[in-house]
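S.K.: Would you mind keeping the following structure in view while I ask a few things?
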Amino acid sequence: MAALRRKFGEDYQVVNTNRATTFSAPVKKKRQRFVEKNGRCNVQHGNLGGETSRYLSDLFTTLVDLKWRWNLLIFILTYTIAWLVMASMWWIIAYIRGDLNHGHDSSYTPCVANVYNFPSAFLFFIETEATIGYGYRYITEKCPEGIILFLFQSLLGSIVDAFLIGCMFIKMSQPKKRAETLMFSQDAVISQRDGKLCLMFRVGNLRNSHMVSAQIRCKLIKSRQTPEGEFLPLDQCELDVGFGTGADQLFLVSPLTICHEINPKSPFFDLSQRSLKNEQFEIVVILEGIVETTGMTCQARTSYTEDEVLWGHRFLPVMSLEEGFFRVDYSQFHSTFEVPTPPYSVKEQEEKNSLPSPLSTPTPALTESHGGRRNRVFSVDCIHISEERGRHGGTGVRLPSKLQRMSSSGKEDLQRKVLLLSSQHPEKACSTGDLPLKLQRLSSSPGPEAENRLQLKPLKVGFEPMTQSTGDLYQHSLTPTLSSAPVPMHSPLLSAGRPEDNLPPKLRKMNADR
């Protein structure tokens, strides 16, 4: 016990699920079981009517299935009645022939020598049937009816012996008593194994002789109602204990813990610690195998109700390594100890894990503000760059939804509308090419009026291409340095030839078309 506490911690409490333990499940009203703990099915058949004749058609199986007291009674009565009937027939033959009146006459030849009354006829039958043959009573050759009765007696005796002795032999050699040495834990437990919630119980073999090809199966007995409204009492559902992986095939030389993983395919998918107290079900466990010594198939059964399923427990180890062998301590076979187990069902845990974390979700307002800010600083020169990045699968800036809808009306229409949109935010323009068309026309007209109405500010972008807009500069975190002095009309930016020559080629082409 101390070693276990050092291994698992002081918080773990060893629980012996024998009835004289400190741990006790919540007391509930005991309900009727479908299968008893000893494996007996608690089912009785009634109101068979005329179907009882079916039992007589399979009389041998009927006799084998009877209890031992009824078998012994039938065995004794069958032999007693057969002996009395056959002894009576020998007495009747002697009576008809008059052998009873000439019993002590040495000159008279009877059918059966030395048969004077019914007791002597009964002894003659017993000596003949049991092949004792004392030699005092015997059949003579002067009695043909006695010879025929003797043949009938031999045939009938062989049939009765084969039937009754065979029935008794089969009943004695039944492997039901072998199942008494196959143990099941008194309770089942629910805890985590390999990070998964599992239903577990323990099986063991008390004999040194092995169970060949041992296989285990589990059935869930629970009443339910179908979506069509049909009520199914004691509906049977299969519990997977490793059928697909071969874990249901047991090498039962030492106690084993059978595990049923609770997953979306399990009927316990939505079972939690709280709902377990209100559930009503029964788990039937069936262990089958071939007895090594007799070669007969043996089946052991037990069941667990909802009161016998302990949440958050694990079985105590029973194997220990001794000098030269492994030792099994069956005194701890039914003992369990508590382990930390989530009280939630697997369904609730999966739903909880599927919810997105609030830290990983971006704020919608912040996303919209950044998106709207970036959408407003696009220019015509950046449209083609974004389109090329989108076609090549790049990670460039996507076009605003408004510009995407406008793109359906044609490329030239798109450029014209972008210029109109940019006129609503003239302060966002970063180069002459990004200026609205109206301001471009004003800049192209000479005179002092245009000089006073249009004040351009030079933009210093370093090594970036002139076709980039403020949106691209904002995206790359380039801080432009703006000059506070106005640009005079004789500045090289505007004085070198016509003002339209300073525009980008695409806008110059659009101005020429207009």
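Placed from the backbone N, Cα and C atoms, the Cβ positions cover glycine too.
Okay, these came from TrEMBL:
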type: DOMAIN; residues: 35-175; note: domain 'Potassium channel inwardly rectifying transmembrane'
type: TRANSMEM; residues: 72-93; note: transmembrane segment
type: TRANSMEM; residues: 147-170; note: transmembrane segment
type: DOMAIN; residues: 182-353; note: domain 'Inward rectifier potassium channel C-terminal'
type: REGION; residues: 342-371; note: region 'Disordered'
type: COMPBIAS; residues: 354-367; note: compositional bias 'Low complexity'
type: REGION; residues: 390-410; note: region 'Disordered'
type: REGION; residues: 478-514; note: region 'Disordered'
S.K.: Using DSSP, tally how many residues of the domain 'Potassium channel inwardly rectifying transmembrane' (35-175) sit in helix, strand and coil.
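M.R.: DSSP classes over the domain 'Potassium channel inwardly rectifying transmembrane' (35-175) add up to 87 helix, 4 strand, 50 coil.
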S.K.: Could you give the residue numbers and ranges of same-chain residues that sit at least 6 residues beyond the transmembrane segment (72-93) on either side and whose C-beta is under 8 angstroms from one of its C-beta atoms?
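M.R.: Tertiary neighbours of the transmembrane segment (72-93) are 63, 66, 111-112, 115, 117-118, 121-122, 124-126, 129, 143, 145-146, 149, 153, 156-157, 160, 164, 167-168.
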S.K.: For the domain 'Inward rectifier potassium channel C-terminal' (182-353), what's the mean pLDDT in this predicted model?
M.R.: 93
